[in-house]
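Some features that TrEMBL has for this protein:
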type     : residues                                                  : note
BINDING  : 49, 50, 51, 52, 53, 93, 142, 187, 302, 303, 304, 312, 334 : cyanocob(III)alamin binding site
DISULFID : 62-104                                                    : disulfide bond
């Protein structure tokens with residue numbers, strides 16, 4: 001099911017104040033996708049896509065002032081209560097989206113009094129959890145998760161009383177160059193204006209001026225020359241008996257991203273190095289390396305690090321390693 005993509009499109013559509021009409025059928029499709037997403041995976045006890053996409057779907061329906069069945073909402077409440085919402089930075093994204101959906105449903109009075117109280121408590125638990133997960137650099141999860149956490153602080157009204165808010169905002173302002181895709185810009189722009197996706201639901205469209213103007217964007221400066229990156233693949237028990245599965249220098253152009261490094265390694269040794277990615281709104285996501293697949297039901301994922309043990313704050317298509325840098329792909333448990 002295209003749950004997440006349609007949800008993001010509907011959020012964007014609502015923010016543009018469209019004339020009434022076409023979005024009604026899309027909202028109906030989103031309701032259908034939410035049911036398909038869960039029905040197709042009852043055996044595993046989680047959505048076919050992910051809790052992130054499922055939460056986005058509930059949030060988009062709420063922003064469009066549509067009621068959601070209580071059973072659908074309780075699936076998210078149960079997942080949050082049992083800690084099933086993902087790993088590392090991904091967990092912050094998912095927990096934030098779910099918290100925003102809960103806050104929207106409670107504020108728009110789309111649920112009963114008892115459930116509204118549960119949703120309010122769950123959203124504040126998520127806010128506290130994100131503040132506790134903040135690193136010394138101010139980042140919460142990773143740089144792309146930080147705007148989601150800030151949206152939760154804004155939506156739940158905890159930003160003024162939470163020192164984590166100011167520290168996360170400072171970290172965000174120092175790393176704005178990381179937000180280069182439409183999807184990541186859409187996450188960070190509301191925060192920079194002190195808003196969250198919940199504010200879309202209460203927009204007065206007749207008061208919105210037409211302020212969209214084209215921008216002249218200069219092409220990026222071409223970086224000449226070459227560099228060599230040491231690429232390492234690690235996998236530990238219970239999935240592998242040998243920790244280091246791959247360790248090779250990979251020559252690439254000076255402007256190459258981590259994704260370019262992976263393609264170069266595959267071209268150098270097509271029999272020894274293979275990988276797969278999955279397209280997401282935030283860019284390609286690494287799902288398989290050397291035949292080893294990261295799977296939600298196994299609670300593992302491919303962690304990206306720069307040696308000796310520093311997690312990357314960007315995705316594989318955005319991170320550009322330095323000459324001589326060692327990059328580690330590690331199959332890790334969450």
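The backbone N, Cα and C atoms fix where each Cβ goes, glycine too.
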Measure from the Cβ of residue 304 (cyanocob(III)alamin binding site) and count the other Cβ atoms within 10 Å, all protein chains considered. 21
Nearest-integer angstrom distance between the alpha carbons (Cα) of residue 304 (cyanocob(III)alamin binding site) and residue 104 (disulfide bond): 34
How many Å separate the Cα atoms of residue 49 (cyanocob(III)alamin binding site) and residue 62 (disulfide bond)? 20
Fill in the CA-CA distance, residue 51 (cyanocob(III)alamin binding site) to residue 62 (disulfide bond), as an integer in Å. 16
Rounded Cα separation (Å) that holds between residue 142 (cyanocob(III)alamin binding site) and residue 104 (disulfide bond): 25
